[in-house]
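For reference, the structure is listed below as structure tokens.
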Amino acid sequence: MKVLVINSGSSSLKYQLYDMRDESVLAKGLVERIGMDSSILNHKPTGGQEVTEVKEILEHNTAIRKVLSMLTDPEHGVIKSIDEIQAVGHRVVHGGESFKASALVDDPAKTEIRRLFDLAPLHNPAAMMGITATENNMPGVPQVVVFDTAFHQAMPEKAYLYGIPKVLYNKYKVRRYGFHGTSHEYVSHIAAEFLGQAIEDLKIITCHIGNGGSLTAVQGGHSIDTSMGMTPLEGLMMGTRSGDLDPAIVPFVMNKEELTVNEVNSMLNKHSGLLAISGISSDMREITDGMANGDANCTLAFEMYEYRLRKYIGSYAAAMNGVDVIVFTAGVGENSVVVREKVCENLTYLGVEIDDALNAIRSGEPRLISTSQSKVKVLVIPTNEELVIARDTYRIVSELK
Ligand code: AMP
């Protein structure tokens, strides 16, 4: 079965076409600037020549049409006909409390995703545009939705409720949902497999740190706590997001600076974090380069980032009464030797000891970076959210037959 995986944003659409016989990627690509002046379609057939086209793509319907024509293009395509695509999997950010697992797209599922627009006003409508555009261009092809929140639905009440009037939960479902669930689930399973141990027996802290970042405490294979909250703003300090802060700061700053709700949201989500503290960039590469060149603001940004990350690791070790494995994944976690080194340097009280030579190795494979004496195994595991979406889609659609 060939499965097309789609991650549809408000002005972008990422895709990967999988052949599920061997889970190989046949092609992948990205449409950017949908609805803007000159949209860009970048397409990479595996083993073939990468192509970039600048076209006018005004909405998602056209974007999907262009993607399908690229996939079947005589020169750059990888399939002869779109009929070869037997299922489509979509990443949907928010599944609320309704979706505890991936689901087939049918009318009730679509109604529910629309009902959740309120909780993820930037993300869910964009995913819905992708679903509708796929339906229009590939009528009759089964579609599956895979949620960032689903893995975290196992969290107990004490972890997901906030200490605010319960009526806000009852009326509006204000609670912790957590995100990056597909990644946390994937890397925790790979970790157990890599170590040759049953996931049921392990206490794992997964650190998904990329441009956005979240940590999850995975106990017995279930998410029992995670650092992002009702929205992806809570938790770690991130590229452009503040992470945790005293909530009283929000009304205080709104009042002093006469900011609207949208302005304060934008400040906390887009103009905070590494970018705000360093004053130059949200990208960890530039922060560590700046630090190496003696830039004081970059050094402070790095120290705050690392300190907050380490405090979360400590709190999740407390939440689980111990930790067997720490996993680093995503852009920063997979690539930044210095972030891993500095975080682990101050976790010796947990029995963490990393091997500097192993930590310095770069490879796209899961690998151990702790010493043989380390009480906690420390792993670097490349995440693969698209593969999880393809697998769930394949499983759900296969069960239809
Ligand atoms: P992601 O959101 O998982 O795609 O991660 C993107 C982020 O990873 C970038 O913004 C960078 O901050 C970070 N990143 C990528 N490569 C490196 C690297 N070699 N060293 C440090 N950070 C990196």
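Glycine is no exception: its Cβ is also placed from the backbone N, Cα and C atoms.
Quick look at what TrEMBL lists:
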type     : residues                                                                                                      : note
ACT_SITE : Asp148                                                                                                        : active site, proton donor/acceptor
BINDING  : Asn7, Glu385                                                                                                  : Mg(2+) binding site
BINDING  : Lys14, His208, Ile209, Gly210, Asn211, Gly212, Asp283, Met284, Arg285, Gly331, Val332, Gly333, Glu334, Asn335 : ATP binding site
BINDING  : Arg91                                                                                                         : substrate binding site
SITE     : His180                                                                                                        : site 'Transition state stabilizer'
SITE     : Arg241                                                                                                        : site 'Transition state stabilizer'
Handout entry: Proximal but sequence-remote residues of the same chain as Val332 (ATP binding site) (Cβ under 8 Å, at least 6 apart)
Key = Ile209, Gly210, Gly213, Met284, Val339
Fill in the blank from the handout: Lys14, His208, Ile209, Gly210, Asn211, Gly212, Asp283, Met284, Arg285, Gly331, Val332, Gly333, Glu334, Asn335 bind ATP per the record; greatest CA separation between any two, in Å, is 24
Completion exercise
Within 10 angstroms of the C-beta of His180 (site 'Transition state stabilizer'), the count of other C-beta atoms across all shown chains comes to 31
Handout entry: recorded positions: Asp148, Asp283, Glu334, Glu385 - member with fewest neighbouring CB atoms within 10 Å
Key = Asp283
Practice task
Would you mind ranking the binding-site residues Lys14, Arg285 by how many other Cβ atoms sit within 10 Å of each Cβ and giving me the lowest?
Solution key: Arg285
Problem - DSSP three-state assignment (helix, strand or coil) for Arg241 (site 'Transition state stabilizer') - result: coil
Fill in the blank from the handout: Those binding-site residues among Asn7, Asn211, Asp283, Arg285 lining ligand 1, judged by a Cβ under 6 Å from any of its atoms, are Asn211, Asp283, Arg285
Practice task
Go through Arg91, Arg241, the listed recorded positions, and name the one with the sparsest Cβ surroundings, counting other Cβ atoms within 10 Å.
Solution key: Arg91
Fill in the blank from the handout: Cβ contacts within 10 Å for Asn7 (Mg(2+) binding site), all chains included, total 22
Completion exercise
Cα-Cα, Arg285 (ATP binding site) versus Arg241 (site 'Transition state stabilizer'), nearest Å, comes out at 17
Fill in the blank from the handout: Rounding to whole Å, the Cα atoms of Asn7 (Mg(2+) binding site) and Lys14 (ATP binding site) are apart by 5
Fill in the blank from the handout: Same-chain residues at least 6 positions away from Asn211 (ATP binding site) with a Cβ under 8 Å from its Cβ, in sequence order, are Met238, Gly239, Thr240, Ser282, Gly331
Completion exercise
Listed in sequence order, the recorded positions within 10 angstroms (C-alpha to C-alpha) of Asp283 (ATP binding site) out of Arg91, Asp148, His180, Glu385 are none
Exercise for the section: Would you list, in sequence order, the recorded positions among Lys14, Arg91, His180, Arg241, Glu334 whose CA lies within 10 Å of the CA of the residue listed as 'active site, proton donor/acceptor'? Expected result: Arg91, His180
